[in-house]
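Asks: Below is a structure I'd like to ask you about.
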Amino acid sequence: MCIVVGLLFMIGTYLILTKTLLRIILGTSIIGHGVNLLIITMGGLKKGGPPLLGIENVTYADSLPQALLLTAIVINFATTALFLVLSYRAYTVLGTDDTEQLRGKEDE
Amino acid sequence: MSWIHVMVLTPFIFATIVPYLYKKFNQKIHTGWFVFFIPVFIFAYLITFIPEISGGNTFMKILPWLPSYNIDFAIYMDGLSLIFALLIAGIGALVVLYSIYYMSKDREALHNFYVYLLMFMGAMLGLVFSDNIFVLYVFWEMTSVSSFLLIAYWYEREKSKYGAQKSMLITVFGGLAMLAGLIMLAMMSDTYSIREMLTSHNLEAITSNTLFLPAMILILLGAFTKSAQFPFSIWLPDAMEAPTPISAYLHSATMVKAGIYLVARLTPIFGGTGEWFWIVTGVGLVTLLYGSVNAVRQTDLKALLAYSTISQLGLIMSLLGMGSGALYFGYGDESFIYATAIFAAIFHLVNHSTFKGCLFMVVGIIDHETGTRDLRKLGGLMHLMPISFTLMIIGGFSMAGLPPFNGFLSKELFFTATLQAANMSIFNLANLGFVIPVIAWVASIFTFIYSMILVFKTFRGKHRFVRVDKPVHEAPFGMLISPLILAILVVAIFFFPNLFSKYFLLPAWEGVLPSLAQAGELSIKLSPWHGWTPELIMTLGVVGLGILMYLYIRKWYRIYNYYPQALTLNTIYNFSLENMEVLSKKATNKYMTGFIRDYLVYIFAFIVVIVGGVFWTFGGFTFDVSQDADINIYEAGLVIAMIISAVTVLFSKSRLTSILAIGALGFLVSFFFVLFRAPDLALTQLVVETVTTVLFLLCFYHLPELRKEIGKIPFKMTNAIISIGVGVIITVVALSAKGTRLFDSISSYYENSYELAGAKNIVNAILVDFRGIDTMLEILVLTMAGLGVYTLIKLRMARRDKNEGAE
Amino acid sequence: MKEPNDVLIRSVSKVAVVIIFTFAINLFISGHHYPGGGFIGGLAFSSAVVLLFLTFNIETVRKNFPVDFKVIAALGVLIAVLTGVGAMLLGVPFLTQAFDYFNLPIFGKTELATAVLFDIGVALAVIGTSLTIIMSIGDDR
């Protein structure tokens, strides 16, 4: 699992370093998945049942990372949306989606 | 909170209402009148402490400020801090009074002026009363800042800005060095209170520590920069661009004495060692000589005074150094002989404040009335300004060390101290000691000469200066009050030195050397006539040679032309400043490229280097497979599918493919959540992924087609290397973190959720109950993001609508 | 977006939306004891609306849902905060939740928890936000 996380991070980083805004967004999204998987991996995998007291289990899976992740997923959604709209706005205003050309003036 | 705290804070509080008063009343009443009462009240309040303090009592009041960090606003009042505070408040009152006449209420931005002045006053009071070293440091820097503001008061002048910047750079540099020194001091003694450092137990810990010398040097750097000691003295002449009341207050009487105060305050900690003795005395003597020699060649009256201040500060500093030798001898009679130097230092400090304050004010009057301070243009003012002339004589002769003025007494004591220091048998003084009185004597001759220049070049001779718009005449009476009071003090101290010493100087001396004060009293009898002592002969020599040299100044003045201009400290300062600016600009432009990608490269490279470096150096990598669960065929399939979809995103050429791939990735992740026994997560992920995909589709509809990344090979290679680095590092972190468990999981607590929160779904219970506040803030963030999106879109639409309407 | 004109999707989604709504509400209510809760319920609900957007167009949906989703988001946050403040009014720390059991006529023994109120706030905030985002982007052409 850890290797998968590492791979996701690798691909995400590569995408973020490219010049196209779209790819950057995709990259952040992939890294987001990577982080989620990383956190839940930290909690230990596949030990015990789902954290529902209704089901009789001896042990439960670690519930804290799950709660963390639940919020993380939703926030991730919001930030992705914001990022998308920002890049979209940048594109419509400036007419390019290339970060190289989005650069400001020399002395800024 | 005690009344002393209130007193220290009063100037700050009052400063906040000054702008209001200015706005409201300045048309009729000069704002200075309101401000005037503050130092007067403080002075009157401080006077009430004199009986107690001279009786040997001290006060300690503590106001908790950051108790958890042991940083308290602790006020400690003893003779030393009291005498400084009296100077601050007393001279402050006189300066404010003087400024009322000096600063025009119609032309000047008085509210700024008085706010800065009050800020400085409060900072200075706080500085001398603080017992906690960090509070002291805060006030210390505050004086630097307010000094900067006051020097740059006429900020439209280029020279003011230059001077302000210079003083700021130098004093703040020193202040930071001092902070480092103070932290070392705190580390060594395990306390932040100067009082507690002086307990014999802590004192031992400090002196035996290896950090002793570094801490001493760093703190001295702070003191030397503040007190304009060589080679940091260069800021003081440029600081003379400040309005004259400020020069009189900050740059002769109070702020530059802060370094002296610090040295005096820390003498019990560091004193008694050879290093302290030689550094403080040596730097003091060099400064004394440097200042007095340079003062002679100045043509600007204020610059002359500035150099004379430098030299006098050097004198006081060297006295403190010599006096610190007393601590070497313990509590014997010998130590009392050397402790006289400390007494002389305090005495001269007070005297200097009086006569130099007076001189500055007189120079200010001359400037004010004639419009110039240039010695080459001035002359023959004696008949036009008789009172100013008298005042100048009093101040100037006192500075030169002539009777019947207080400068004579302290100068005699200074000679005594140097002669005694030369006879000390410690710290290699047997070989080098004779240098001390020689330097002192030579410097005194120059002091005498510049004092004479100051008095006679200005007031005697032909009346050369012709002012166009109005005839030169004596200053208004109000302007003369303050220097007059100071001049009276100059004379009064000469005639009643012992009274003065009993109530002011001896308590201060006890403050510097508390351990010695416990052992016995310093019996010192000040009188103008001690018989034909070596000191008197030295003084006579100074006067005789000084007069000769003054009269024939033209003959030897030429030697100043040989002073190498290229090697002056100012040139070095300017050169280094310019080069530093150029260099930093170059360096900044190098890495601040403006490409977001470059910044990201820095960030990622940094992550890789730092995290990887930590793993490398601390060997944090652990790999533990025993805890891992088995992998079955479904999971392997899922992993492969995930990797495939991720790679597809990486290489896809079309928008749609990448969106679909990323959607697939999201759904695969949600399958993993199912496998990981996280039903809530799986559900959420599933829905979120759906919505996100729709979102992507909506947005991509507007965005351009993906282009092929056109980039050079090195560019792509850097990206690849960095991303591989990040990937590896994260893998390593993940593996190690999984393999290392320092603490037991706290999740078991939440398994009580049914009892505690009445909920069977632990995750949900955590969200809404246990960690409710997190969730609350999270939905807040969510809402803000939503509103952000909304505004981004709608704003543009609104603008477009408007534009269309305009067309 | 182009005007979608697909009878199949239209008829299916009409049914599907109802099912999704029901499911969303069920998810939300069961969140206390079974998988579900404010986040998921809210998201499921908004996904149903998104489906409507896709099948019909935004104007149609807006006509049938005459609600400002920004207000809903704000309302959600407000409810969540108010439950917290309510706890403070009763003298317990901010956001302390309480629960008890009641015998209601139809449902029998039922547990009522203030956490559910808080969850309603969460759900509303999620619905409001996600729909605001989607609608603003969709609006903009």
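Note: Cβ is positioned from N, Cα and C throughout, glycine not excepted.
Any TrEMBL annotation is an automated prediction that lacks curation.
Feature list, courtesy of TrEMBL:
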TRANSMEM  B:6-22  transmembrane segment
TRANSMEM  B:34-53  transmembrane segment
DOMAIN    B:67-108  domain 'NADH-Ubiquinone oxidoreductase (complex I) chain 5 N-terminal'
TRANSMEM  B:73-101  transmembrane segment
TRANSMEM  B:113-129  transmembrane segment
DOMAIN    B:130-427  domain 'NADH:quinone oxidoreductase/Mrp antiporter transmembrane'
TRANSMEM  B:135-155  transmembrane segment
TRANSMEM  B:167-186  transmembrane segment
TRANSMEM  B:246-264  transmembrane segment
TRANSMEM  B:378-400  transmembrane segment
TRANSMEM  B:434-456  transmembrane segment
TRANSMEM  B:631-651  transmembrane segment
DOMAIN    B:641-705  domain 'MrpA C-terminal/MbhD'
TRANSMEM  B:682-703  transmembrane segment
TRANSMEM  B:715-737  transmembrane segment
DOMAIN    B:718-794  domain 'MrpA C-terminal/MbhE'
Asks: If you average the pLDDT over the domain 'MrpA C-terminal/MbhE' (B:718-794), what number do you get?
Replies: 73
Asks: Do the transmembrane segment (B:73-101) and the transmembrane segment (B:434-456) come together with 3 or more C-beta pairs under 8 Å, pairs six or more apart in sequence?
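Replies: Stretch pair does not touch.
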Asks: Looking only at residues six or more beyond either end of the transmembrane segment (B:631-651), which have a C-beta under 8 A from one in the stretch?
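Replies: Contacts with the transmembrane segment (B:631-651): 657-658, 661-662, 664-665, 668-669, 671-672, 675.
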Asks: DSSP helix, strand and coil counts for the domain 'NADH-Ubiquinone oxidoreductase (complex I) chain 5 N-terminal' (B:67-108)?
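Replies: Grouping H, G, I as helix and E, B as strand yields 27 helix, 7 strand, 8 coil.
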Asks: Within the domain 'MrpA C-terminal/MbhD' (B:641-705), count helix residues (DSSP H, G, I), strand residues (E, B) and coil residues, in that order.
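Replies: Looking at the domain 'MrpA C-terminal/MbhD' (B:641-705) with DSSP, the answer is 54 helix, 0 strand, 11 coil.
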